[in-house]
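> Here's a structure for you.
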2 protein chains.
Amino acid sequence: MNKNLSGLILILFYLGVIKSKLFYIEVKYPLLNASSNQTKVIELPLWPAPKFIKDTSKGLLVLSQNSFKMTTNLPQSCDIMEENIKLYTNIFFLPKFELNPIISDTDVALNELSFEISDQFCPGYPNTSIDETYELSVKPGVSIIKANSVWGALRGLETFSQLTFINEDNKLSIKDSIEIKDSPRFSYRGILLDTARHYIPVPIIKKQLDAMSYNKFNVFHWHIVDDQSFAFESFKYPNLTQKGKYGDAHVYTQKDVKEIIDHARLRGIRVIPEFDSPGHVESFGRTFPQFITVCWVGGKPYQAIYSVHGKAEILNPTLEGIYPVLKEVLSEYKEVFQDEYIHLGMDEVYYDCWKSNPNISEWMAERNMTDYHQLEAYYSSKILQIAKDLNKKVTVWQDVYDNGVRPEKTTQIQIWKDEAIGFSKWSDYLNDITSNGYPVILSSPWYINFVSYGFQEWYKHYLVEPMANFTGDAEQAKLLRGGEACLWSEYVDGANIEARLWPRACPIAERLWSPSDINDPEEAKFRLDEQRCRLLRRGIPASPILNGYCGDYEYGMKKSVVFEPEFNYDWLKSENKVPNTNESLKLKLNRSLFLILIFIYHF
Amino acid sequence: MNKNLSGLILILFYLGVIKSKLFYIEVKYPLLNASSNQTKVIELPLWPAPKFIKDTSKGLLVLSQNSFKMTTNLPQSCDIMEENIKLYTNIFFLPKFELNPIISDTDVALNELSFEISDQFCPGYPNTSIDETYELSVKPGVSIIKANSVWGALRGLETFSQLTFINEDNKLSIKDSIEIKDSPRFSYRGILLDTARHYIPVPIIKKQLDAMSYNKFNVFHWHIVDDQSFAFESFKYPNLTQKGKYGDAHVYTQKDVKEIIDHARLRGIRVIPEFDSPGHVESFGRTFPQFITVCWVGGKPYQAIYSVHGKAEILNPTLEGIYPVLKEVLSEYKEVFQDEYIHLGMDEVYYDCWKSNPNISEWMAERNMTDYHQLEAYYSSKILQIAKDLNKKVTVWQDVYDNGVRPEKTTQIQIWKDEAIGFSKWSDYLNDITSNGYPVILSSPWYINFVSYGFQEWYKHYLVEPMANFTGDAEQAKLLRGGEACLWSEYVDGANIEARLWPRACPIAERLWSPSDINDPEEAKFRLDEQRCRLLRRGIPASPILNGYCGDYEYGMKKSVVFEPEFNYDWLKSENKVPNTNESLKLKLNRSLFLILIFIYHF
């Protein structure tokens with residue numbers, strides 16, 4: 001090995017915990033900057049990139065599981081900090097890593113990471129106004145994370161963890177002088193998971209929440225029910241679950257939901273459930289068929305015209321009996337889901353079925369309604385009023401707005417349409433909706449269920465600049481609250497969700513967190529590849545994005561941690577660890593005999 | 001539940017071991033035949049569909065792990081049959097399934113599956129002329145699989161296994177009167193895995209071989225080395241591995257390779273290795289830089305013109321020193337790989353670099369060569385002669401033929417080009433190449449690395465009819481030996497290979513095995529969905545293709561068998577099953593005390 005090469009490998013080594021190496025696709029198609037040792041815009045392998053980095057390091061610090069501790073200035077114990085100290089202790093020192101815990105005479109130790117949290121408060125559930133700002137100072141002895149709130153401390157801890165790596169002595173290390181100041185560009189950074197087209201088991205959802213926190217996402221938009229299934233356990237209307245679920249194993253019990261919300265809370269992630277109506281209610285309609293609009297064709301009811309409408313598909317807003325039921329359903333959501341927001345869907349309400357129904361025509365005529373927008377507005381006002389009565393803030397898909405409905409200005413509008421799928425440009429919608437004073441969540445360019453092939457598929461998600469064609473002023477700009485990567489699950493379930501979601505959601509995480517000028521994919525790809533290796537090292541089987549390799553811990557290798565109990569929940573733990581029945585029987589017999597013998601012996 | 005519905009569910013139940021249910025995508029976009037209870041072309045959920053089925057069943061037979069046995073007429077023990085009897089016993093009765101083993105008075109038992117193998121021979125490695133024909137007769141008492149060879153017996157066993165399902169009493173069952181006669185349409189049904197762009201760990205390759213056998217694939221085309229890495233352990237030139245590998249964990253030792261070949265043999269799968277040259281040799285060139293053509297631009301050597309050529313990328317055929325080395329490399333391949341064929345690659349030899357090199361120009365001028373096809377022909381004839389000297393048959397990519405080289409007629413030509421990627425139609429190549437008397441393997445329409453989104457992505461792979469535009473006669477038609485699904489791994493490694501490959505390779509399996517008139521994807525999708533659920537039940541985390549669900553054994557659920565040791569190799573077994581130290585310590589202490597007490601008591 002020549003000297004340059006060894007030097008180069010050492011540099012590579014210092015760049016992160018991940019000993020990944022990147023290769024070109026073909027000799028005649030190299031990547032620009034063909035391996036990760038090139039000069040980079042962002043020298044440290046952090047994802048998403050922080051706002052400000054100053055690296056004046058001259059050496060390394062060593063962290064040992066025997067001495068390293070994390071401390072806080074909180075006056076009393078706080079479950080969020082305690083849980084994260086436990087989580088990150090695994091990330092740092094998982095037994096399977098078999099790190100060298102010895103701090104030798106020549107090592108400089110980092111023995112403490114101290115959290116200085118200004119508000120000294122252990123919060124409940126994260127909300128829209130959480131403060132995620134933090135400052136991180138890495139230096140010998142005690143490193144410090146300063147934050148206004150526990151939430152900022154968590155973000156700082158994630159950044160700190162990404163700075164650590166395993167050095168050539170197999171010790172956990174970190175560069176010895178780094179200052180980082182960081183805060184998110186957008187306050188709303190979400191991922192939508194759809195558990196209606198396919199059920200995603202609870203342990204898998206929890207793992208996705210872990211991966212979200214590694215990428216500083218802070219909203220889990222839970223598209224929990226839809227036409228295909230109603231997996232939410234309803235106590236108020238048990239039939240909704242009974243008739244709406246796929247199989248018995250395909251239900252989110254209220255206990256499950258609470259567990260997921262708690263799991264998300266500990267990671268600074270809000271859980272916003274969606275109850276989509278008046279469309280997308282087939283599974284709901286299995287319990288309440290009387291509320292579904294019957295579609296007519298040629299004077300006959302229950303007629304489908306594929307692909308215009310089915311036989312009976314959307315709610316019939318003219319039936320007053322529906323609203324008390326919806327109020328019950330939403331109030332049950334309110335009992336279970338803690339977030340101040342609920343998502344009410346309202347996308348893809350196609351009018352043809354409503355138009356075909358004579359009862360609806362009659363009802364509208366009686367009220368001098370001539371336009372079906374009025375009917376949708378009628379429905380919207382009713383359900384928005386229900387949410388308001390329940391003291392819930394609301395997000396809706398943009399269709400409501402597009403159809404001329406103008407809900408209250410607190411209503412958040414989620415943009416999903418785009419010229420790519422036959423509508424206008426998303427930037428036009430963004431300009432229009434914010435000019436009318438509505439807060440907006442952007443999703444159109446980030447429908448990551450649309451998988452495609454090619455040289456760096458993720459570039460297109462990464463290169464989105466939400467404000468590129470923005471025409472409003474600074475005040476109007478503030479109405480763009482953030483964005484959301486949507487993983488609709490027509491072709492996704494537990495078996496492939498991780499390969500689809502990671503690292504494909506990561507570019508969106510950086511776009512939503514990092515300053516807008518961190519936008520060069522040719523630079524970002526090396527950090528992203530390292531982030532994907534990092535995810536592997538935390539048990540997330542993320543897909544590769546470049547040729548090359550991560551290390552001896554890849555999926556399928558003995559050192560893989562993808563199935564370590566520390567990085568999993570329930571399903572692997574409980575079943576794979578059950579002792580062999582014969583063994584446990586022997587154990588019991590052994591113990592019984594033992595007690596009998598003691599008994600005999602004593603007499 | 002109304003009566004029709006219960007009847008319907010019972011029918012669903014009888015259709016297969018998988019209690020899957022399929023749902024439409026949207027109310028207004030139902031699938032044709034919206035759920036799997038509809039009348040089907042193929043009534044039994046078999047994949048790939050057999051040639052002939054006669055189902056005169058009136059009831060069910062029950063298989064119990066206590067009594068069911070598989071027997072053969074072979075005069076001595078045969079490892080292939082023994083191993084498969086063990087494998088399928090797991091598939092039938094895995095302890096985790098917790099089946100009811102009781103055969104009650106009202107049950108009719110199937111106690112034996114008898115293999116009647118005409119040639120009464122336990123074969124070595126499968127080859128081009130293996131006979132996979134079989135007849136299966138399911139009936140009470142003893143069911144029979146008749147086959148000419150062990151290979152046909154294996155295919156019949158797979159079909160038999162697909163007929164079994166778990167009935168409502170939680171017993172393994174099968175319909176009581178089924179006759180199947182079956183043989184493959186094409187003799188070559190392959191999958192290419194590329195372990196050079198990313199290393200695929202050995203246990204993961206083994207699992208893919210399992211899944212291949214569940215789909216009656218019979219060739220594993222191992223694209224083991226390429227520009228990016230040389231993962232094959234060479235004893236003759238250790239540097240090839242040392243300088244060519246990614247990391248230390250990213251090498252296929254010769255022991256690994258032999259294990260993989262044996263694993264494949266037991267499943268009736270040939271392993272054909274590829275040594276790709278004269279292009280795609282960057283990793284080879286790290287050891288033999290002196291044999292790589294230096295590319296020149298503007299009078300300077302080592303100049304790249306991306307994307308025309310790199311700095312130095314392909315072999316220089318004019319250097320005679322190269323051929324003894326290649327002979328050594330290929331003879332080492334021959335020692336390790338057992339198949340009669342070797343794949344010599346020879347794709348994507350772009351002439352520009354050769355043209356730029358003054359030494360090559362000079363050499364050609366001396367020999368009155370004017371066309372670079374002649375240079376390629378020169379190289380081809382040399383390396384084909386080496387293979388011939390080694391008594392190896394050869395497959396090459398079509399480029400050799402396209403460039404005017406006409407190797408011996410035994411050379412198999414693999415077609416990969418298509419109009420979709422800027423060439424001619426693959427059917428034109430097929431017509432042309434077979435008209436010149438060369439046997440052909442078709443891959444163009446089955447590059448399944450090209451992932452895309454949309455309503456039934458797999459339809460396009462399924463709807464390929466190799467003979468649709470065939471212009472030759474029956475003799476010429478025989479030259480189409482079969483086809484190969486290619487999973488190039490630029491974006492694939494152990495973490496996502498299963499989600500990418502399964503069930504996306506299944507439609508190709510059916511096209512290559514089943515009669516050409518089994519080609520309606522609207523019918524096939526239900527069977528394919530059941531096949532994907534079946535794969536899940538055998539530990540393969542295959543992706544969903546339709547809305548709906550499989551059962552309580554999905555990935556992420558406690559009954560999932562994806563990580564059961566019976567369906568995995570090495571990596572999960574060894575690490576995750578180590579007993580908890582404290583527990584085993586307690587057990588030991590307990591036992592010691594027990595013995596001490598007995599000792600005391602006896603005195």
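For all residues, glycine too, the Cβ spot is worked out from N, Cα and C.
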> Check TrEMBL and name the cysteine among B:CYS122, B:CYS295 that pairs with B:CYS78 in a disulfide.
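Going by TrEMBL, B:CYS78 is disulfide-bonded to B:CYS122.
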> Under DSSP, is B:CYS295 (disulfide bond) helix, strand or coil?
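SS state of B:CYS295 (disulfide bond) = coil.
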> If one looks at the chain holding B:CYS353 (disulfide bond), which residues at least 6 apart in sequence have a CB under 8 angstroms from its CB?
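In sequence order, the residues whose Cβ lies under 8 Å from that of B:CYS353 (disulfide bond) (at least 6 apart) are B:THR293, B:CYS295, B:HIS309, B:GLY310, B:ALA312, B:GLU313, B:ILE314.
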> Measuring CA to CA, name the entry from the recorded positions B:GLU348, B:CYS533, B:CYS550 that ends up nearest B:CYS78 (disulfide bond).
B:CYS533
> Does DSSP give B:CYS353 (disulfide bond) helix, strand or coil?
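Going by the DSSP assignment, B:CYS353 (disulfide bond) falls within a helical segment, counted as helix.
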> Measure from the CA atom of B:GLU348 (active site, proton donor) to the CA atom of B:CYS122 (disulfide bond) and give the result in Å, rounded to a whole number.
41
> What does the DSSP secondary structure composition of the domain 'Beta-hexosaminidase eukaryotic type N-terminal' (B:46-163) look like, as residue counts for helix, strand and coil?
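Helix (H, G, I), strand (E, B), coil: 32 helix, 33 strand, 53 coil.
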> Measure from the CA atom of B:CYS550 (disulfide bond) to the CA atom of B:GLU348 (active site, proton donor) and give the result in Å, rounded to a whole number.
43
> Can you count the other CB atoms that lie within 10 A of the CB of B:GLU348 (active site, proton donor)?
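Looking across every protein chain shown, the total is 14.
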> Just name the most isolated of the disulfide-bonded residues B:CYS78, B:CYS295, B:CYS533, going by other Cβ atoms within 10 Å of its Cβ.
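Minimum Cβ neighbour count within 10 Å, taken over the disulfide-bonded residues B:CYS78, B:CYS295, B:CYS533, occurs at B:CYS78.
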